[in-house]
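Scroll down for the structure; my scribbles are underneath it.
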Amino acid sequence: MCCILWYHKLTAIEVQGNPQIPRPHRSMGLLNNIKFFVLCHGMLQLAQLLVSGYLKGSITTIEKRYGFSSQKSGLLAAFNEVGNIILIVFVSFFGSRVHRPRCIGIGAMIASVGVFLIALPHFISEKYMYTDFNSNTKDNSSGLCQSLNPEEEFNQTCDQEKNDSHLGVYPVLLLGQLLLGIGGVPIQPFGISYIDDYAEKRNSPFYLGILFAITVIGPAFGFMMSSALLRFYVDIDKVSSEYKDLNNEDPRWVGAWWLGFLMAATLLLLTSLPYLFFPRKMSREEIIEALAEPSIEKIIEDKEPKTDMMEEVSLTEFLKSFPKIVMRTLRNPTYLLVVLAQVNLAAMVAGLATFMGKFIEKQFAQTASFSNLMMVRSFTNIFVLFPPLQGTLSFLLAFAFILLPFIPRSSHQCSNACSCSDEAFNPVCGSDGVEFRSPCHAGCKTKIPNKEKNYKDCECVASTGSPGFALPGPCGNGCNNRLIPFMILSSITCFVASLSHTTSFMMILRTVTPEDKSFALGIQFMLFRVLAFLPAPVLYGRAIDTACVLWGKKCNKITSCRYYDLDLFRHRFLGLQIFFIFGGFVCFFLSFMVLRRTNSTQEQNEKMNNQEMKEAKQMISSSNGH
């Protein structure tokens, strides 16, 4: 103890004698280093946004696995915003009143529990069953045209399997998303404010720029991870060789969607631990400059205590004043129009991020894994400034998508003596180029294993002379060669649509009073969630569902869609893009007109004031002359 006291006294003497030696409380290790906090926060945001990208990349796989409609999938993808909306007001109030690093860590732990819950349905559900999964017949007659009762095999499957809906899969997924949203509320606002408070002023923009860059990298990593993990079979931990007749190009294939959530939840939990040990208040970062005297402004800044105006207001007073501040902010026409323009573009991006993978799967006959890989290329083209033509270009590019010629997929039903189950789904392609949803619906009576022509004697396949044959798998739609032009146009659209972000953000900061800036930004993000991020995926999902022409069935219950009218799918999906882009363009145009009128009014007022001043000066000079 004496040695320690002697060390501190000696250090104090040395510090007083040599100003270049840092004071002891300035060097308390990594946990008192803002650079280390930025590193931890970057890793935490990467883990958080990785979950968001991975969920959107695997949403169609979850939809297929549990038989959800696209509307339910859209609600699931957006349900984390509910937690954000509930708590965002309170987060804006508490600010620096709480231990911000500890709140971030606890919130991240709650989010990791939510992600673990999202993966839980895989472990409480039975094995994934698909057509021909339980084929125990040695003559390979399962799924063929027969005169037997087709319900016997499927009833046996339903008797053996617990229906997933009785296990509460969807509520568990929603609960996981809710916890993910609640836990993620303090991460970004508390982290950014903490960095801005204790980072040196010249370094703060650089640190925040790193965090904003991660907001793009994180979802991209999520899509890449889903592309890799969806190549593994969903029940890879439960079965060994029963699915060997499937590959990831089979429309019945379901990838290991749950595996990525376990990895992301673990990463999220690990990155949350350092926040429990960061101090509530950190020593402000300083840049050591040789022989540099501190400026008068720096001395005043260090000596004057920083007061938070919100600390003088109680929670009750804050809640009472909040509606007034909201209405005062929304009465600003420029602010309201710019925010509504951003809401339209945010709604377009939210719908694209959720269902673009499904669009690529269906329109271009690609696998879920490959579609997610294309998503990475499409949604990482941002961070540039070229706003004047963004509305017009985005509108024209989205309109060009609709005009792209596509060949619709054929899916015909054949009425014959075969007793085909409505639940059968094992697509085959006839020799005439027509796709059937199962060998039975194609009228095929013989299956030849390990041969090029797997199904023979197909009554419904048009052919001259003898009955036609069919090959396993879908026929495709002949649109593969149009995928590259589509992705190029899609990337350009995402690139152009992002150009207004920086200028819009600056317009919002310049059109509100200084005391309302924080609230204006909070209201902006709240409107984003209420009007864009939450309803847009549900609206896109509903539009996609209306294009379905054949719904799947399982145990006499409706499941996910098997076949879509691809023209209707494309028109409604891209039509929503045009709607939101046009709405954003109109709002930006109206804001331009309002600003133009405001500027002209100000110029007129300045001219009148100048004229009055001149007249007053003339009157004074004339009176002095007399």
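A Cβ is built for glycine as well, from the same backbone N, Cα and C atoms used for every other residue.
According to TrEMBL, the domain 'Kazal-like' annotation covers 408-462. According to TrEMBL, the region 'Disordered' annotation covers 603-626. According to TrEMBL, the transmembrane segment annotation covers 36-55, 75-96, 103-124, 172-195, 207-234, 254-278, 334-360, 380-404, 486-508, 528-552, 573-595.
Along the domain 'Kazal-like' (408-462), the predicted structure has mean pLDDT 76. The transmembrane segment (573-595) and the transmembrane segment (334-360) are in contact, since at least 3 Cβ pairs between them lie under 8 Å (pairs 6 or more apart in sequence). Sequence-remote contacts of a segment are chain residues at least 6 beyond its ends whose Cβ falls under 8 Å from one of its Cβ atoms, and for the transmembrane segment (207-234) they are 34, 38, 41-42, 45-58, 61, 65, 122, 128, 188, 191-192, 195-196, 199, 243, 246, 248, 253-260, 263-264, 353, 367-370, 372-373, 375-376, 379-380, 382-383. For the region 'Disordered' (603-626), the DSSP-based tally of helix, strand and coil residues reads 23 helix, 0 strand, 1 coil. Of the recorded ranges 172-195, 254-278, 528-552, the transmembrane segment (334-360) has the largest number of C-beta contacts under 8 angstroms with 528-552.
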